[in-house]
Amino acid sequence: MAVEGGMKCVKFLLFFFNLIFWLCGLALIVVGILVQVALHKTLMISDATASGAPIVIIAIGVVIFFIAFFGCCGAWKENYCMVTTFAIFLSLIIIVEIAAAIAGYVFRNKVSAVVQDSLTDMINKYNSSTTEFKDSVDQLQEDLKCCGVNSSSDWKNFGLDKNTVPDSCCVNVTENCGVGAMTDPTKVHQKGCHDAVEALLKKNIMWVIVAALVIAFLQIMGIVFACCLMRGIRSGYEVM
């Protein structure tokens, strides 16, 4: 027996919300990937805790596609079992999203120490690393217009003269522009990369938190609609 009246409206609202969930899943995957890239590819942060929140967000985005299937089919076919499965899975996802948001907020307080250690490690490995690694460090310094961890002096072991920095530290990047120019503010950026990287990471982490909480709110509305539809379907069975 098909649902009637207000329950029919709830049925179509639940179907519509599942289309939104598909978009939410895509948004979560995109946000998670962007943050993961910012943490590891561009910045090469090696601390494993930095990956926690974005990896969870990406996983949730993928799972939402499957959960939305149960919601769409269950709502359209008015299948009590599928709608119930949808509501249960969505409730579990909300719990995981809240956990990811909390993890992101907690990691936010560790950013400064992680950035300090990771940038120091990058500088120490620079001379003995691959070309790809060096290019990544150089790109970071050029993009953020910084040099070293806290100042250009952090590159003191880069050259034999203790006064040379990578060319990417230069105000105007040209070949060998960093030779003997470590402390020359007209040629080399004196500000370290720590503060700039920390600000960038905090901004990305906040995007993860905001995305998780906003989508969790939408999903709560979906659960409410699902419960209402479940009640309507069960009432229809009882009438029969």
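Cβ atoms are placed via backbone N, Cα and C, with glycine included.
Unlike curated records, TrEMBL annotations are generated automatically.
Computed from a predicted structure; not experimentally measured.
Per TrEMBL, the features are:
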- 12-35: transmembrane segment (TRANSMEM)
- 55-76: transmembrane segment (TRANSMEM)
- 83-107: transmembrane segment (TRANSMEM)
- Cys147-Cys169: disulfide bond (DISULFID)
- 205-230: transmembrane segment (TRANSMEM)
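Among residues of the same chain six or more beyond the transmembrane segment (83-107), those with a C-beta under 8 A of the stretch's C-beta atoms are 14, 49-50, 52-53, 56-57, 60, 63-64, 67, 70-71, 74-75, 205-206, 208-209, 212-213, 215-216, 219-220, 222-223, 226-227, 229-230, 233. For Cys169 (disulfide bond), the same-chain residues that are 6 or more apart in sequence and have a Cβ closer than 8 Å to its Cβ are Gln141, Cys146, Cys147, Gly148, Ser152, Trp155, Gly178, Val188, His189. Panel annotation: around the transmembrane segment (55-76), residues 11-12, 14-15, 17-19, 21-22, 24-33, 35-36, 82-86, 89-90, 93, 96-97, 99-100, 103, 208, 211-212, 222, 226, 229 of the same chain, lying at least six beyond its termini, place a Cβ under 8 Å from a Cβ of the stretch. Beyond the ends of the transmembrane segment (12-35), by six or more residues, the same chain brings 53-58, 60-65, 67-68, 71-72, 75-76, 83, 204-205, 207-208, 211-212, 215, 218-219, 221-222, 225-226, 229 to within a C-beta distance below 8 angstroms of the stretch. Here the Cβ of Cys147 (disulfide bond) has 26 other Cβ atoms within 10 Å, regardless of which shown protein chain they belong to.
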